[in-house]
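As structure tokens, the structure follows; a few thoughts come after it.
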Amino acid sequence: AVGIVSKHLTDQVYQHSKAGRMALQIGGDHSMGLGTVSGIARATKERFGQDIKVIWVDAHADINTPETTETGNLHGMPLSFLIGLVKENIEGLDWVVPCLKPENIVYIGLRDVDKAEKQILKQYNIKAFSMHEIDRYGIGAVMNMTIEYLSKGDTAQSPIHLSFDIDALDPTVAASTGTPVRGGLTFREGHYICEALHETGRLVGIDIVELNPTIGHSNEDTITIGCSLIRAALGESLL
């Protein structure tokens, strides 16, 4: 069922993005990224002849494979499909075509990464800023390094897709999410990421995922913050 919905989402996002419109997706779990990135990557290739760059803001790496996963949850695997780590045909997901190069991914906010995922990040040399780096350098410097990293070579202005899992934020900021992890981004750090990406003029797609108002008692706060992050990514500024 997830595969069918993801395929439909891919087609919808592709049509929207190909027409030159910003693709905004508000969702359920991060398996949604399988569909959104697939659609935007295809549209970006056709429109600009360039590869999509992806900033994955998340407490988790979401790059387990069906072999390495400890839970079996697809929302912990979308990036492994997108970069082509999954070789066997998975029922319902045989439509997925690898469309993302490991060097075109930057993680921000990681703090709950499985052992097998750490090995994948090292093996494929995927750029990742954990909460340790954010504490050390500050979010301003981390965003400068992120944008600089995604601006190398002849694709300095290539389009960027932001996939923002609300659990990247600390649970004291946004608690209504499926897999909260302590020690996350502050309200302002989350917003600064969105503001800095808007300023690049390169943002073509946005996912806001794992917003689940049925969980916890701060559902109104989490919804408000989700909306606020979207507005920041679309250009709302403090002054």
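Using N, Cα and C of the backbone, Cβ positions are placed for all residues, glycine too.
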Legend entry - From HIS30, HIS198, the one annotated by TrEMBL with ASP58, HIS60, ASP62, ASP165, ASP167 for Mn(2+): HIS30
Legend entry - Cβ-centroid neighbourhood (8 Å) of the Mn(2+) site, HIS30, ASP58, HIS60, ASP62, ASP165, ASP167 excluded: TRP56, ALA59, ALA61, HIS75, ALA168, THR179, VAL209, GLU210
Inset, instruction - Mind giving me a neighbour count for ASP58 (Mn(2+) binding site)? Other Cβ atoms within 10 Å of its Cβ, every protein chain shown. - result: 28
Inset, instruction - Write out the long-range same-chain contacts of HIS30 (Mn(2+) binding site), meaning residues 6 or more apart in sequence whose Cβ is under 8 Å from its Cβ. - result: ASP58, HIS60, ASP62, HIS75, GLY76, PRO78, SER163, ASP165, ASP207, VAL209, GLU210
Legend entry - Cβ-Cβ neighbours of HIS60 (Mn(2+) binding site) (radius 10 Å): 24
